[in-house]
Each structure stands twice: as structure tokens, then as C-alpha cells.
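Student: This is the structure I want to talk about, given as C-alpha cells.
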Amino acid sequence: MEVLWMLLVLLVLHLSSLAMSLSTCKAVDMEEVRKRRIEAIRGQILSKLKLDKTPDVDSEKMTVPSEAIFLYNSTLEVIREKATREEEHVGHDQNIQDYYAKQVYRFESITELEDHEFKFKFNASHVRENVGMNSLLHHAELRMYKKQTDKNMDQRMELFWKYQENGTTHSRYLESKYITPVTDDEWMSFDVTKTVNEWLKRAEENEQFGLQPACKCPTPQAKDIDIEGFPALRGDLASLSSKENTKPYLMITSMPAERIDTVTSSRKKRGVGQEYCFGNNGPNCCVKPLYINFRKDLGWKWIHEPKGYEANYCLGNCPYIWSMDTQYSKVLSLYNQNNPGASISPCCVPDVLEPLPIIYYVGRTAKVEQLSNMVVRSCNCS
């Protein structure tokens, strides 16, 4: 009995020490973090350009060809446009949602073949019952099993959303894909996240996709494609006996409703302004500003443009969602015992990185290069 009591005391002390280690962090030396980041960038740039040492040249004394300047500015424009498009398509809360586990659903399609158009009909009410609010939707994919063909011809297929509005049927173009001849059956998929997101806002009982050849020519061979779950276009009914696991279906991943409170709470924290995130004393995992001046910080004269750039870095706490009074504490205790040097909490790491175009000199030759993954735009807990 006394031995059992001693073991219980030791267990309580162990859990207490583990809880303390999870709730406290060492003070961060911001200047040391900055120095390490600068040195890492020095090595990154030289490594990406495959340079053993820095070029011994002063770019300010060189006349840069107009072609190089034009190419550099064009590259900058492309990067900015791409960043703008991605910001529009990906919500600010996407990083938070990506961290949490998703529930996976599979919804089988009711298929119909009409005038060389494959129709995929879904019970939208059933989708709404399972997924819930559109804010919980993470990803939706329309998948179909394409059968092998002996036709040696590429075929471009176009996907449409067929929907009803005010008693009228409308078609909205979504995407097109080139179907190439294959010797084996294979799966084909379309990203329909945006469309399903709209389904969740509507009240229609059924929703439908249509897949049809882009070519309207009368040649039968140009329209010869077989998808499992449909009667073959040649008129036979062989495809009707398709296997259950190869019928067209909609795969959806969504955030379980019980986790939405955590995401909402994180949104509120991230929505209080840049000062909250960019302050060096901010507690959350987010982007910290770091401007690199090539001449001042690295002592380099061989890079002509830009003179410096916003490199940034990630720092801050990540959410720890397990409490010490749950079964997870035992798992974490064992993990910590077997991996004493490893972190048992998520780490704050770069999530979205952008390239950096530069004009630099090797000898008397001006070059324009794009260095990948040099600018940290957002951070995530991983």
C-alpha cells in the first residue's frame, strides 16, 4: 500500500513538472533572432545562386542594360499580381483552419447521359445536413473514373454548374481539362470548392454538374470518352454495371462544428490590427518584420536591385489544445520521455513564401534571377 502511494505521488509530481514546462517559455533574445535570420539569408542567397563566395564587384559603378531593368520590373509585376490573386482566393483564416483536423464526406452522384453531356446530380440538402455552414467547408472535389480507350486523340472536356434560378436553368463554366489517351483506367478530378460553397448558401434540394466536350464537331471519335457509372457513348450498356467504388462522387472535407469556436476565437485575436501581430512582444504566432539592407547588413555591393527587401520571420506561441486532465497528457508524457529533445507543441513556421527577383553582377555581366521562398508573408502552427 505504501509503495502504491509513493508511485501516485511521483506520478503527480511528474505531471506537475510537465504542466510547468508547457506553460512557461524562455525569454526570446530578439537581437539574437535577428542576427541568425540575417546569416541564414546570407547563406540562402549564395546557395540559390550556386556561388562559393560573394562576387567582388560594386554594382553602383555599373550601367545596367535597359533589357535587364525591364525584365526585373516585369518579374516584380508578376509576383505582385500572383500575391493579390492568392490573397483574394484564400481567406485570412485559412491558415488557422488548415491546422485542425477535417471530417471527410463522400456523396455519390446520380448520373445521366444526355446528348454527349455527362450529368452529375447531387442531393444538396443531404450535403448541407452533413457539412453545415459554408464557413465550415474546407475542400470539395468532383471525382470520376475514366475508362481506358483505344482512341488516339486528345479531348478537351469542360465542366459546368447547372443551376436553377427563378425557374430558369443556367450554366456556369467552371473548368476544362485535356483528356489524353491512356492504356489503363484512371481517376479524374475537378476542384469544385467554390461551387459547393455556394450550394451551402442556397436552399435547392438538388444541384448538378455537367461535363461535355469542348469540341462541337460532328466527328464521333472526338466525343468518345467513357466514364464509369454512365452508359457508353457508343450506345452499349456495359458501363451501367459499374462497381460501387468507381461511381462518380463528391468528396468534401470540412471543419467539424465543435471546432468552430476555436477558429472563431483565433479570428478575433488575429483581427485586432497589424500592431498586435507585428509588435515584437506579441504572444501569437505571426509574421515579425525584418528588413535586410544588402550593403549595411550583409556588406554586399554586387546586388544592384533591390537595395534591400522585407525578409521577415515567424515567431510566437502556438495554440496548445490539450488539457492536463485528459488522456492526452499520458500520451504526451510518454512522447516526452522517449524524445526528450523534441517539441511536443506545434511550432510557428513560415506558411506562405514569395520569391525575390534581383539584378546582380558576376564580373561585368548583369543578370536577373528570381530567388524562390525568400519573403515570409504568413506563418502557421505546424
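Every residue, even glycine, has its Cβ placed from backbone N, Cα and C.
So Swiss-Prot says this about it:
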type: DISULFID; residues: CYS277-CYS286; note: disulfide bond
type: DISULFID; residues: CYS285-CYS348; note: disulfide bond
type: DISULFID; residues: CYS314-CYS379; note: disulfide bond
type: DISULFID; residues: CYS318-CYS381; note: disulfide bond
type: CARBOHYD; residues: ASN73; note: N-linked glycosylation site
type: CARBOHYD; residues: ASN123; note: N-linked glycosylation site
type: CARBOHYD; residues: ASN166; note: N-linked glycosylation site
type: REGION; residues: 22-65; note: region 'Straightjacket domain'
type: REGION; residues: 66-263; note: region 'Arm domain'
type: REGION; residues: 218-242; note: region 'Bowtie tail'
type: SIGNAL; residues: 1-21; note: signal peptide
Student: Around CYS348 (disulfide bond), which of the listed recorded positions (ASN73, ASN166, CYS286, CYS379, CYS381) come within 10 Å, judging by Cα atoms?
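Tutor: Within 10 Å of CYS348 (disulfide bond): CYS286, CYS379, CYS381.
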Student: Which ones are near CYS379 (disulfide bond): of the recorded positions ASN73, ASN123, ASN166, CYS285, CYS286, which have a Cα within 10 Å?
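Tutor: The recorded positions close to CYS379 (disulfide bond) (Cα within 10 Å), listed in sequence order, are CYS285, CYS286.
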Student: Give me the DSSP three-state residue breakdown of the region 'Straightjacket domain' (22-65), ordered helix, strand, coil.
Tutor: 24 helix, 0 strand, 20 coil
Student: Near CYS285 (disulfide bond), which glycosylation sites out of ASN73, ASN123, ASN166 have their CA within 10 Å?
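Tutor: Qualifying among ASN73, ASN123, ASN166: none.
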Student: Give me the Cα-Cα distance between ASN123 (N-linked glycosylation site) and ASN166 (N-linked glycosylation site), rounded to a whole Å.
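Tutor: That comes out at 19 Å between the alpha carbons.
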Student: Among the glycosylation sites ASN123, ASN166, which residue has the fewest other Cβ atoms within 10 Å of its own Cβ?
Tutor: ASN166
Student: Distance between CYS318 (disulfide bond) and CYS286 (disulfide bond) at the Cα atoms, whole Å?
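Tutor: Approximately 9 Å lies between the Cα of CYS318 (disulfide bond) and that of CYS286 (disulfide bond).
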Student: Given the recorded positions ASN73, ASN166, CYS286, which lie close to CYS314 (disulfide bond), meaning Cα to Cα within 10 A?
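Tutor: Matched recorded positions: CYS286, sequence order.
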Student: Would you count the other C-beta atoms found within 10 angstroms of the C-beta of CYS318 (disulfide bond) for me?
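Tutor: Result for CYS318 (disulfide bond): 18 other Cβ atoms within 10 Å.
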Student: Work out how many Å separate ASN166 (N-linked glycosylation site) and CYS286 (disulfide bond) at their Cα atoms, rounded off.
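Tutor: Per the Cα atoms, ASN166 (N-linked glycosylation site) and CYS286 (disulfide bond) stand 46 Å apart.
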Student: Which one of these disulfide-bonded residues has the most other Cβ atoms within 10 Å of its own Cβ: CYS348, CYS379?
Tutor: CYS379
Student: What's the CA to CA span in angstrom from CYS381 (disulfide bond) over to CYS286 (disulfide bond)?
Tutor: 9
